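Presented below is the structure to which this report refers.
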């Protein structure tokens, strides 16, 4: 394992030049303190977890120091925000410090969020607050632990530096890791500014470094677009299967690698509500839970438009038509696993949709715990345990009979079924009220709760003695908390 000063950098994106990013030094926050760090994320850089105990660790990730090989850059991009095109966005408070190469030869972007003003700050102060930084850290590591494609978070630092949002808050920084921070909006920026040569350079960079398998295809750019579409379909299927609502699916928040990032007012569903809106700024429900699938398709169409200088329009249209079937196949596969089913039958989609409709009617069923409880006992016994959470008992009993018949046709042993279901159905889920509790403690200077919650959520499928309170249903006050976009 390496020390902080032993990391190896290879800053490929920075070498693209000033058309793609601007050199900016981070603005440090005062008297930095480490709030929480992820040893799992540190391992991606071959970084010794003990390094987090050093004073220099907080200083590095609060903007006070830089590695000699770091080349901090603010990336330029644009994007469609709530359906309207914004011609120039970019990193308004985050900096790509550089790319670290680990022993396996993998490149990891180090992106410091809350690092101060950049040319793209758009009248903002370039800061992030402790509240939003903790939320991003927890979500990044938890989604990864759930098996949902996501950026990673290495640590959060905070300080006494004040920042103003709806009220005065503490400044903080979060260090985000990802193989790339290229977004759909990067391609849109060069397309709409008619910088087609730069568009070509960007695409060749992405192809060579992230989709090299596409280079051997007859049409590498088209193969790359299909790969992006397939990865996005898989990511959205995971969101829907696990009840994750992103909240701000603008094209500048869509990763070219099909990973979840730019966490804002996200939420996991408590009770099932297909129309749940987690962002209180989303007045029309554009980014509601049920809209995430069509919005992902819309965003891919926006990316396709930006690629028209390089790919024939008709071929892009044909590829876009693959999205919904690919999504549905991924989603059904995940839901079969959540229901403990190991084979595919023609009526599986109807079985899943009937269950969700029953959940929607009463909203008394905890979405995550339902699947966990369903695997705890033999199917007939488990159905009796969860039955009282439903309003339409006759409808649930009819569904239960079909589910039992389905399980009997598979003939699984209960021990195997339980182990299989518990491996995909989390006992612990990142609920907004839990995040809010640890945020309030951290704002008061107590970082123990956020560290404990992070540790629990990093093993969401494992029963952890003494941590039962994190597996409980949320109290009524903890449901449907409105989360602001401000961060």
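Note that Cβ sites are derived from N, Cα and C of the backbone, with glycine treated the same way.
The ATP binding site annotation in Swiss-Prot covers 90, 92, 93, 113, 125, 126, 176, 183, 262. Residue 90 (ATP binding site) has a Cβ environment of 22 other Cβ atoms inside 10 Å.
The annotation active site, proton acceptor is assigned in Swiss-Prot to 252 on the grounds of sequence analysis. If you take the C-beta of residue 252 (active site, proton acceptor) and look for same-chain residues 6 or more apart in sequence within under 8 angstroms, you find 77, 78, 79, 80, 81, 86, 89, 183, 184, 185, 262. In the three-state DSSP assignment, the secondary structure recorded for residue 252 (active site, proton acceptor) is helix.
Other C-beta atoms found within 10 angstroms of the C-beta of residue 262 (ATP binding site) number 22, with every protein chain shown included. According to DSSP, residue 262 (ATP binding site) is assigned to coil rather than to any helix or strand. Annotation comment: Swiss-Prot describes 253, 262 as Mg(2+) binding site.
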- Query: Can you tell me how far the Cα of residue 90 (ATP binding site) sits from the Cα of residue 253 (Mg(2+) binding site), in Å?
  - Reply: 11
- Task: Enter the number of other CB atoms within 10 angstroms of the CB of residue 176 (ATP binding site).
- Result: 26
- Note on the structure: 90, 92, 93, 113, 125, 126, 176, 183, 262 bind ATP per the record; greatest CA separation between any two, in Å, is 23
- Determine the Cβ neighbour count for residue 125 (ATP binding site): the number of other Cβ atoms within 10 Å of its Cβ. 16
- Message: List every residue in the same chain as residue 93 (ATP binding site), at least 6 positions away in sequence, whose Cβ is under 8 Å from its Cβ.
- Response: 113, 114, 115, 116, 117, 118, 121, 124, 125, 126, 127, 128
- Task: Tell me the Cβ contacts of residue 253 (Mg(2+) binding site) under 8 Å, same chain only and six or more apart in sequence, or just say none.
- Result: 79, 183, 246, 261, 262
